[in-house]
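Annotation comment: TrEMBL describes A:Lys70, A:Val71, A:Lys72, A:Thr189, A:Asn296, A:Phe297, A:Arg298, A:Lys316 as ATP binding site. The disulfide bond feature in TrEMBL is assigned to A:Cys119-A:Cys168, A:Cys129-A:Cys152, A:Cys135-A:Cys162, A:Cys220-A:Cys230, A:Cys264-A:Cys273. What TrEMBL lists as N-linked glycosylation site is A:Asn187. Annotation source TrEMBL lists transmembrane segment at A:342-364.
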Amino acid sequence: MSKSTGCCQGFLHYVFDYETPKTLIIPSIRVGFVFRFTQFLVLLYVVGYVCVVQKAYQETDSVISTVTTKVKGFAFTNISDMEPRFWDVVDYNIPPQGDGSFFVLTNVVMTPGQTQSRCAELPNPSTTCEDDCDCVEGYNDPRGNGIRTGLCENYSSIVKTCEVLSWCPLEIDTKLPKRALLAEAENFTVLIKNSITYPKFNFHKRNILSHINSTYLKTCEFNRKTDPDCPIFRLKHIVSEAGEDFQDMAVKGGVLGILIDWSCNLDWWGRKCYPKYTFRRLDNKHPDNNVAPGYNFRFAKYYRTAEGEEVRTLIKAYGIRFDVIVFGTAGKFGIVPTIVNLGAALSFLSLVPMVADWFMLTCMKKRDLYSRQKSTYLVEESEVESASMSTTYGTQ
Amino acid sequence: MSKSTGCCQGFLHYVFDYETPKTLIIPSIRVGFVFRFTQFLVLLYVVGYVCVVQKAYQETDSVISTVTTKVKGFAFTNISDMEPRFWDVVDYNIPPQGDGSFFVLTNVVMTPGQTQSRCAELPNPSTTCEDDCDCVEGYNDPRGNGIRTGLCENYSSIVKTCEVLSWCPLEIDTKLPKRALLAEAENFTVLIKNSITYPKFNFHKRNILSHINSTYLKTCEFNRKTDPDCPIFRLKHIVSEAGEDFQDMAVKGGVLGILIDWSCNLDWWGRKCYPKYTFRRLDNKHPDNNVAPGYNFRFAKYYRTAEGEEVRTLIKAYGIRFDVIVFGTAGKFGIVPTIVNLGAALSFLSLVPMVADWFMLTCMKKRDLYSRQKSTYLVEESEVESASMSTTYGTQ
Amino acid sequence: MSKSTGCCQGFLHYVFDYETPKTLIIPSIRVGFVFRFTQFLVLLYVVGYVCVVQKAYQETDSVISTVTTKVKGFAFTNISDMEPRFWDVVDYNIPPQGDGSFFVLTNVVMTPGQTQSRCAELPNPSTTCEDDCDCVEGYNDPRGNGIRTGLCENYSSIVKTCEVLSWCPLEIDTKLPKRALLAEAENFTVLIKNSITYPKFNFHKRNILSHINSTYLKTCEFNRKTDPDCPIFRLKHIVSEAGEDFQDMAVKGGVLGILIDWSCNLDWWGRKCYPKYTFRRLDNKHPDNNVAPGYNFRFAKYYRTAEGEEVRTLIKAYGIRFDVIVFGTAGKFGIVPTIVNLGAALSFLSLVPMVADWFMLTCMKKRDLYSRQKSTYLVEESEVESASMSTTYGTQ
């Protein structure tokens, strides 16, 4: 044989010689049982827990969603402070566009006829005065309602307060009706249309499921037991499922979450993808640390008088803001997570022989026999070396 | 040697004695080939699929985004039912703030001059009446338009209906123009400014890319082929890319998603991070189960007459709501996912010897020779024990 | 023994015979040290980096959040172009609902008294004319302000421009005040209420922490050092923390992000879940490629004159849009990620013997001794076979 052939053969031996561990077969049913049982436990975890319960073989994606809402209902109010008034959706639903967050007005403090002018401040310790000297002109009290003109005026026949430049007459929001003005709002309904996408899986779905027909939709009303798929919700029902009382909440307002859970399994063998509705109050009800409890905001309707002066009706609107919150995760078989989880399981399987070895060499009667045949001590070719080795250990 | 030295040596032996498996080298090219080939397959999966295709070595983060939009264009309408009217962005774009969701009005049913008063209901089977007895005072029909006063009035010369307390005159929304009022809206344009953040990687970017200059932006218009980076979109183009016809959609309205995909690779060796625009209609077009097809909402402009009476113009606005939906995931090399995926791959590599062993002991001619030299049966020191062992197996 | 018993025994042997690798024990402190040290490194990575630093044993969930905001403050403006005017929150805060995105008006171009009528265009090269022939009737210039009537009218005593049908008088937005009209807006404050949910862990929390009492909330103001938990922010402070100057930004407007990071650790042994506020300007300040720099939008207040004509006040509102952006990830001990990461670590531990073997067989003096006792070459039963084997290698 030539030299190059020899070299080539050496390389082939290096690459293709297969080195396999020598093994000792132990015909003990106990050891075998421990081995198989531990294997079984690991497999049980992998198949049972990782695959079936956790579905860890799935890739996941987060939901993308659009919501449109449409509130229906009207009410008639007739209380002493206000003219009788008919309210339709345009009056109480703000903003009107029907986004995922909509507000239903339930209580109101109206201050009509405000103009840019001067008036006496609302009386409180820092605004009452004896004469003009008590009122600094141009002073801008952050808790007040306007810029002081420097005059001290009669607020009522009893009390004098500093005059301010502001939108007058000032709003008096302490006379909030104890019973909500639009108590009837509890019977309003809202239609929620929600369409979702899982972009990674190119999956689209709507909350109006395909088996629902138009006739059903015209009359149905959401009920967890009888009509769990109906996308029309009575406001009272939403609030009571959130554990609150509508009439209580209506007085000072609040924020209520309509949570739509779109957790989906998109594997073809177990496809399941339905919206699940839950309701939860999102602001705190009676905490110790609540500033501005409830939910309200002010807005105004601006008018012009015949003389061209700007007049506004200031409205402090109390009500319930409904936030439609869509969340969820879709899972679908993915090769990478499968491999990763299988790999982790295999790692644990490779621990099983260690457990069995430990059991065999520790707990079995014949452990010495096993140990002698399994492990061989390195046989030094000269006893001197061996002795020096021991010395090395001893002195280090 | 003292006792403690012996003990210490024992400990050192326990900790530092290295136990390595004895191996048998098999110089068979077939077995070697099976071994190497299986190894190669595993490596191919790891390098090729996990690293290159799936980029499983990356940590990921979800996008955070802000959107501002600005619509431009105006239109002039001159139809028989309405006075000639000029529409600018303030008239048709609701809400005006330019959020991620904006609405362009395309069709309208206007009911001017509504006041809180009494009028005859719109005629339908449940509202027509013969005389006052048919109309229950105070009855509040959820499908009706107001609270009944108990009177039966002439709706027209032919039909009598119950009188209601409501905003009168009532809206008649059945006369919706067949051709959209603001058909010209298809030529309006919208500028979308979108700035995103991946907080985990402290990465910020805007959809107006840095190579775009001001001159280009003043004249450009998005086109997937010629101007894929221009952030100015013609509404007609958006709608037609979503597979819809603008004029069709404009009549009854709809919801259209402008999806911006910010999937990014932030590794320095392969950095790629551009917005990708797609368009999709988000509401259903002609489903069987559609209530309130299209997209519309009502709002009103409130006025006061010289006498102080509140008057409103009710507007039922049909139009297209454009929802700018920003999504995406950024990936960047991360040590933990890399280790996890490498670990999983190593686990599979540790399976390779099993495959080779199985091949060697099953498919090779010399399998008995290999088997004899690889595995040794435990040699019992007394034959009696061995026999009893067999019996144990047999009787259990 | 019967045949079936034999078969059964065979099966038992097959299932329960335990095959364990034969090992060679090498009492070398060097090899032992390399082995243990490598093991230690892997364990260090697992315990130190994966568990402590990266918390890779945790399952994660994304935050779901609701935000309500309430702006406070008022201002008085008295500039030459406009009547003295008092501004309260209803005037400058748009939209009024107090969502996660709110706008504070700081500068304004008002065009009162617009009606649907005809007027001369604003002069620019494409609108100036000599006589009616220069103006095409019905022409709709996208950069213009209305539809041309075909007449050429005096814009001023010097220049003639084409007449358009539009909301007249036209807005002249070039006279934007150099100093922001509502410069005082910097002292307005905003209360941000934010409640979050991690649905996977059923965890709810608010940014008004439980140890904060009502008295504190009434007087506090956010300050990173002294009051990091106070949810009331002075606008000037927000803007300056974002590295901007309020008065600069107020002139042309802008978008400012209030980022709330709710990254949480929900393990019971290290629970930590607090909001962390940061502020960042989201639009570009002075880029080369900026169209429509700053942030503004137009809206109008609609009136009716005594004669029933519709009049509007057009308002081009410049100001700062504050976007409250809530993000974060919660982590909590999870069995699947723990197992996956442990599995990966175990895989690396199974590499350790390879490293030790390589060290033992390459770097040690007694490598030949070790090699001889560790590995056995397959002993062919006939030398002929062995020779043919070599030949096979050589010729392939």
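Backbone N, Cα and C define each Cβ position, glycine as well.
TrEMBL feature annotations superimposed on the structure.
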{"residue": "A:Lys70", "record": "ATP binding site", "DSSP class": "strand"}
{"residue": "A:Cys119", "record": "disulfide bond", "DSSP class": "strand"}
{"residue": "A:Cys152", "record": "disulfide bond", "DSSP class": "strand"}
{"residue": "A:Asn187", "record": "N-linked glycosylation site", "DSSP class": "helix"}
{"residue": "A:Cys220", "record": "disulfide bond", "DSSP class": "coil"}
{"residue": "A:Cys264", "record": "disulfide bond", "DSSP class": "strand"}
{"residue": "A:Phe297", "record": "ATP binding site", "DSSP class": "strand"}
For A:Cys119 (disulfide bond) and A:Lys70 (ATP binding site), determine the Cα separation and express it in whole Å.
42
Proximal to chain C - recorded positions among A:Lys72, A:Cys152, A:Phe297, A:Arg298, CB under 8 Å:
A:Phe297, A:Arg298
Recorded positions among A:Lys70, A:Lys72, A:Cys129, A:Cys162 whose Cβ lies under 8 Å from any chain B Cβ:
A:Lys70, A:Lys72
If one measures from the C-alpha of A:Cys220 (disulfide bond) to the C-alpha of A:Thr189 (ATP binding site), what distance in angstrom results, rounded to a whole number?
11
When you measure from the Cβ of A:Cys135 (disulfide bond), which residues in the chain that are at least 6 apart have a Cβ under 8 Å away?
A:Cys129, A:Arg148, A:Thr149, A:Gly150, A:Leu151, A:Cys152, A:Cys162, A:Glu163
Report, in whole Å, the straight Cα-to-Cα distance of A:Cys264 (disulfide bond) from A:Phe297 (ATP binding site).
38
For A:Arg298 (ATP binding site) and A:Cys264 (disulfide bond), what Cα-Cα distance in Å is obtained after rounding to a whole number?
41
Distance [Cα-Cα, Å, rounded] between A:Cys230 (disulfide bond) and A:Val71 (ATP binding site):
15
Nearest to A:Lys70 (ATP binding site) in three-dimensional space, by Cα, is which of the recorded positions A:Cys168, A:Asn187, A:Cys264?
A:Asn187
Near A:Val71 (ATP binding site), which residues of its own chain have a C-beta under 8 A away, given they sit six or more steps off in sequence?
A:Val89, A:Asn93, A:Gly98, A:Phe102, A:Val104, A:Phe188, A:Thr189, A:Val190
Can you tell which of the recorded positions A:Cys168, A:Asn187, A:Cys264, A:Cys273 lies nearest to A:Lys316 (ATP binding site) in space, using Cα positions?
A:Cys168
How many neighbouring Cβ atoms, not counting its own, are there within 10 Å of the Cβ of A:Arg298 (ATP binding site)?
19
Recorded ATP binding residues, A:Lys70, A:Val71, A:Lys72, A:Thr189, A:Asn296, A:Phe297, A:Arg298, A:Lys316 - maximal Cα separation rounded to whole Å:
24
Inter-residue C-alpha distance, A:Cys264 (disulfide bond) and A:Asn296 (ATP binding site) (nearest angstrom):
36
Within 10 Å of the residue listed as 'N-linked glycosylation site', Cα to Cα, which of the recorded positions A:Lys72, A:Cys168, A:Cys273, A:Asn296 are there?
A:Lys72
Collapsed DSSP category at A:Cys230 (disulfide bond):
coil
Can you figure out which of A:Lys72, A:Cys168, A:Asn296 (the recorded positions) comes closest in space to A:Cys273 (disulfide bond), comparing Cα atoms?
A:Lys72
For A:Cys135 (disulfide bond), the three-state class that DSSP assigns:
coil
